Amino acid sequence: MISSVTGIPSSIGTVDKPHKFMLASMGLVLMMVLLVYAHSFDNGFHFDDFHTITDNPSIRSLSNVPSYFRDASTFSVLPANRTYRPIVSASLALDYHLGKGYQLFWFHLSTTIEFLILVWLVSLLASGLYKNTEPLPAAPWLAILASAWFGLHPAMAETVNYIIQRGDLFCTLGCVAALVLYMQWRGGRRYGVYLLPLIFALLCKPPAAVFPVLLFAYIALFEVSEEKRWRKAAIAVVPSLLVTAAALVLQSAMTPKTFAPSILSPSAYRLTQPFVWLRYFAELFLPLHLNVDSDLQPFTSLNAEAMLGLVFLAALLAGIWLSARSPRLKPLTYGLIWFVVTQLPTSAYALSEVENDHRMFFSFAGLIPGTVWALYLALQRVLGVRNMQRWRGAISAAVLLALCGYAYGTTVRNRVWHSEESLWWDDVQKSPHNGRGLMIYGLTQMEQGRFARALDYFTRATEFTPNYATLEINLGIVNGAMGHNAEAEQHFLRAIALAPSDDQTHAFYGRWLMERGRGSEGVAQYNLARQLNPARPLPVPSVAQAAVHPEEHAINESLACYTRGDYEGSIRAAQEALAINPQSAQAYNNIGASLARLGRWEEAAEDDRHALAIDASLQIARNNLAEALAHSQQTSGPPAPAAAFPALLARSLTLYQAKEYQASLQAATAAAKLEPGSAEAWNNIAAADASLRRWDAAIAAAQKAVALKPDFQLAKNNLAWALSEKQKSLVGGRP
């Protein structure tokens, strides 16, 4: 197949004859792309995924879909990041619904399917450009090569793996589909069929607004003669201009006033962009510097890098002008125009980072077809048309080797995107002056209990981001974990001084205060955080719960102590609950259960009777009483009737579905006592603990369930959920 890239295989006589083989070849390309991404379906959530997906309650129900089109605040829990992308939010809600939660497989599956469709459309785009330029025998194969290069290019992995950046994918998909429809279906133009995917793209991300310019360039270059071509092209793009203008007006009206895309100097940002374009263009051929968060800073003066960028920009514009003079080079001209036009929105409008690797995605969809065409013509010019036949084996081998190299690079990037730790370790290696990257890698160490290493990376980050409130929060958290309370409080207070209107600065300071017994101060900070941003789920420390719901807190603490084997602590906490409410059946039940574990069976039976005297329907107390009586009468006897186990397990599930998580936990715990080898019982414990935000207990129970039953997918899901939430509870606010 690859040898046909030379365009001169004797076996291909007409365009129609190899049609089936061409389709098979395109299918093979799609299979190669799928194979490369097949092992990335369990890659985690990252960076902006947290405030738009995992922390965002609005995507957890399909009933919220209409609100995405009315209210941009549903896009993110961070007011500064709220923008109007209703179709992106709707796709996330669908993934959540299909996976019945945050199951990574479903989020990656939908992204990958859309990407495969785009890879196919890139081949159609390239084919249309080539057909309208020169009827080369190699043109169909060059189109397939262009799609393969695009699909296997490592830079695409920066978008495909980054779930919330599917906005770039959808935007590109809609624009390419609109252009392909315009090219391939002339009869549909009068009905505006090609405008439908454009509308889809515009509701996904604003850069789709460049489509009228792309369409204008295509018509002017490929579809009309020299005479009056600018006028004809301008008339032809009027419908797309009207649609785009309407979408931009809607976008402006729907974007909240809280949206703050950047704090960078616009002039410095724009001065940096030509150099960024040079880096992007170089990545097309050698993608060696891909990373999630660059340490490139805006240029405040006309330094050497800025000059180099301006030289590249001049060369790029000269390349467009020179190639436009040759009819054979029209695909190259169009590819270069596509690159410039698709980079303009993120270059003219200052954003929070001067460069982001996912910004290459849209640009490469048009640049690659033009580059493939130019490389083919250059090779033909160097070797000569006749020698192409002689060298086709070597050329095919070189092409195949290059594609394999890009495919390998993509698998490497997929591995990098697997976890927060692997992603940010890669970032600190490639962008060592990025304070945010150093901080987030430190967070991955803190969540694993490597506090000294985390503190080291946080301290390094202060060199590059000395006035970063989120970094100060994390310095407070890690110092608190290491027992450096004075330093911890100093960092929390500095975070508040730097960002007094940020809910996170108050929330994490409040949690720290309450965990140190300063309940009233902590509750005040916590309430202030809730007032500043009611939409964001905030860390609810145990002491905060104690201040607001003391009896419930004492019961929960009793259960937590029981779960980790601290039965004396469980008794003390339950006695605190009784001091608040002497009629607490749950407290008596917890005391009885803990006494039983300590072998004090007669005392346990007495407390179980107290529990039943208050609440005769408390089945778990009845089961505990049966166990205590059995042991008090004959130590070697069975702990409880075996028939109680399935009833307890079923009751646990019923209570969980009714959102009575506390009672569900008690029932599941009782079931696990009867059948310690039941993975189902431990899984129910994990689910209930997780719903009560007791992440450590949930993790321990889920690990027990998985150990007992390694193929227990539900337990694995609960474990992943608890680990993810625990990680976020350690994080002093994601950027």
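Positions of Cβ are set from backbone N, Cα and C atoms, glycine also.
Automated prediction, rather than curation, is the source of TrEMBL annotations.
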Matching range for TrEMBL feature annotation, transmembrane segment, among 334-352, 638-656, 695-713: 334-352
The repeat 'TPR' (585-618), counted residue by residue under DSSP: helix, strand, coil: 27 helix, 0 strand, 7 coil
Positions whose Cβ lies under 8 angstroms from the transmembrane segment (105-126), at least six residues beyond its ends: 26, 29-30, 33-34, 37, 40-43, 53, 91-92, 94-96, 98-99, 142-144, 146-147, 150-151, 156, 160-161, 163, 166, 169-170, 172-173, 176-177, 179-180, 183-184, 331, 365-366, 368-369, 372-373
Contact yes or no, the transmembrane segment (194-221) and the transmembrane segment (302-322), 3+ Cβ pairs under 8 Å, gap 6+: no
Range from 163-182, 302-322, 334-352 with the greatest count of C-beta pairs under 8 A to the transmembrane segment (358-379): 334-352
Positions whose Cβ lies under 8 angstroms from the repeat 'TPR' (435-468), at least six residues beyond its ends: 47, 291-293, 295, 419-421, 424-425, 427-428, 474-475, 477-479, 481-482, 498, 726-727, 730-732, 735
Integer mean pLDDT for the repeat 'TPR' (469-502): 93
The transmembrane segment (302-322) in contact with the transmembrane segment (21-40), cutoff 8 A, at least 3 CB pairs, sep 6+: no
For the transmembrane segment (21-40), sequence-distant contacts whose Cβ falls under 8 Å of one of its Cβ atoms, 6 or more beyond its ends: 1, 108, 112, 115-116, 119-120, 123, 140-141, 144, 147-148, 151-152, 157, 160-161, 407, 410-411, 414, 417-418
Same-chain residues near the transmembrane segment (334-352), Cβ under 8 Å, at least 6 residues beyond its ends: 129, 206-207, 209-210, 213-214, 217-218, 221-222, 261-266, 269-270, 273, 276-277, 280-281, 316-317, 319-320, 323, 359, 362-363, 365-371, 373-374
